[in-house]
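Undergrad: Here it is, the structure in full.
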Amino acid sequence: MFHPRARTMLLLSLPALIIGVASSLVLIAAMKVASVFQQFLWQRLPTSIGIAYDSPFWIVGMLTLTGIVVGLIIRYSPGHAGPDPAIEPLISMPVSPSALPGLLLALIIGLAGGVSLGPEHPIMTINIALAAAFGSRLFPRITALDWTILASAGTIGALFGTPVAAALIFSQTLSGSNDIPMWDRLFAPLMAAAAGSLTTSLFFHPHFSLPIAHYTQMRLVDIASGAIVAAIAIAAGMVAVWCLPRLHELLHRLKNPVLILGIGGFILGILGVIGGPLTLFKGLDEMQQMAFSQTLGAGDYFTLAVVKLAALVIAAASGFRGGRIFPAVFIGAALGLMLHAHVEAVPAAITVSCAILGLVLVVTRDGWLSLFMAAVVVPDTNLLPLLCIVMLPAWLLLAGKPLLAANRHEP
């Protein structure tokens with residue numbers, strides 16, 4: 001009934017569905033536990049002892065303690081809580097399963113404690129390792145690389161609530177050939193991403209879109225404005241690219257992760273006092289609060305962007321277990337709102353979307369993911385042609401430039 005190619009795709013459907021659902025459940029469990037722990041640390045506990053959660057004492061103390069605890073986990077847990085996200089790419093080969101409990105615990109404590117990183121890198125690492133460990137036993141004919149692709153696709157679908165991001169990302173890596181078309185290669189990853197996104201939607205839906213005025217019609221001047229905004233965002237991101245490896249090397253001369261992360265947490269606390277609670281945590285909920293605020297002005301948006309960018313660099317350089325995409329989206333949104341407040345003639349839809357495109361492009365160096373994040377935060381079909389055009393000079397600016405990553409150090 002089916003062509004042999006179709007039968008091959010159908011055989012991969014079951015493991016793809018299982019991996020997609022499992023990837024989402026791991027993410028949901030981690031986020032739920034972190035959310036409950038966050039409410040306890042930042043609401044119930046300070047209220048019970050009569051301290052305001054946004055007081056300088058509480059912010060500095062909580063983030064310093066978070067750094068010390070994460071440092072203890074990294075030093076003493078088996079596998080040292082997995083690889084350092086500042087060194088490893090988002091998608092990499094499986095790590096030892098023995099490192100996963102420490103990595104998951106370090107992620108949850110970091111998220112709950114207010115560290116300015118997202119969950120994407122540790123969750124990706126955990127899901128890839130679990131998929132390779134269990135999948136190789138259940139389906140031994142499927143290679144470790146295939147499990148890595150399926151787990152990363154399922155995780156991307158779960159993280160962003162849609163399989164579109166996974167389809168875009170893997171369309172550039174799983175290229176077709178004369179014998180195997182690209183969509184044959186995409187079938188199983190897209191199935192995993194769809195299963196991951198649908199499972200996530202049963203429990204919660206990630207809120208990326210901001211309440212920004214509709215963009216009516218593209219004009220030539222808007223293309224120039226968008227390119228300038230993206231260039232400004234890239235310039236800001238390249239400051240982080242320059243700082244991260246140098247700060248990472250400086251901090252890791254101390255050798256002791258408890259000391260490194262304790263110092264990192266203390267600095268994050270100081271930055272949190274300067275920027276306020278909006279600059280804490282992974283940034284998605286805080287981005288919504290920032291966009292809905294009626295009291296923030298251009299200076300406030302500038303402060304939020306600068307503090308969050310500094311916090312992102314400090315958190316990554318210290319070795320906290322977390323990802324950099326979600327904070328980059330917050331920084332881009334704050335930068336875009338600041339630029340619109342300065343030059344109201346440029347629509348906020350352009351400044352916000354193009355700033356996010358530029359920042360995410362610096363962080364990920366992935367054009368499709370950058371376009372996707374800009375489009376979901378400002379969901380306006382009229383913007384898509386403009387974003388595609390603005391991507392071209394932005395990509396030229398970053399061609400050959402160093403990545404937002406630290407260098408490996410000899411122990």
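Note: Cβ is positioned from N, Cα and C throughout, glycine not excepted.
Checked Swiss-Prot, it gives:
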type	residues	note
TRANSMEM	9-31	transmembrane segment
TRANSMEM	57-74	transmembrane segment
TRANSMEM	95-117	transmembrane segment
TRANSMEM	148-170	transmembrane segment
TRANSMEM	186-208	transmembrane segment
TRANSMEM	223-245	transmembrane segment
TRANSMEM	258-280	transmembrane segment
TRANSMEM	295-317	transmembrane segment
TRANSMEM	322-341	transmembrane segment
TRANSMEM	345-363	transmembrane segment
TRANSMEM	376-398	transmembrane segment
Undergrad: Which listed range (186-208, 223-245, 258-280) shows the maximal number of Cβ pairs under 8 Å with respect to the transmembrane segment (345-363)?
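TA: Stretch with maximum Cβ contacts: 223-245.
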Undergrad: Mind checking which residues of the chain, 6+ beyond the ends of the transmembrane segment (223-245), have their Cβ under 8 Å from one of its Cβ atoms?
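TA: Sequence-distant neighbours of the transmembrane segment (223-245): 86, 305, 309, 312-313, 316-317, 328, 331-332, 335-336, 339, 346, 350-351, 353-359, 361-363, 386-387, 389-390, 393-394, 397-398, 401-407.
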Undergrad: As a test: from 9-31, 95-117, 295-317, 322-341, pick the stretch that has the greatest number of Cβ pairs under 8 Å with the transmembrane segment (148-170).
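TA: The stretch with the most close Cβ contacts to the transmembrane segment (148-170) is 9-31.
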Undergrad: Does the chain bring the transmembrane segment (258-280) near the transmembrane segment (9-31), so that three or more CB pairs sit under 8 Å (pairs 6 or more apart in sequence)?
TA: no
Undergrad: Which stretch, 9-31, 57-74, 95-117, 186-208, tops the Cβ pairs under 8 Å count with the transmembrane segment (322-341)?
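TA: Against the transmembrane segment (322-341), the leading stretch is 95-117.
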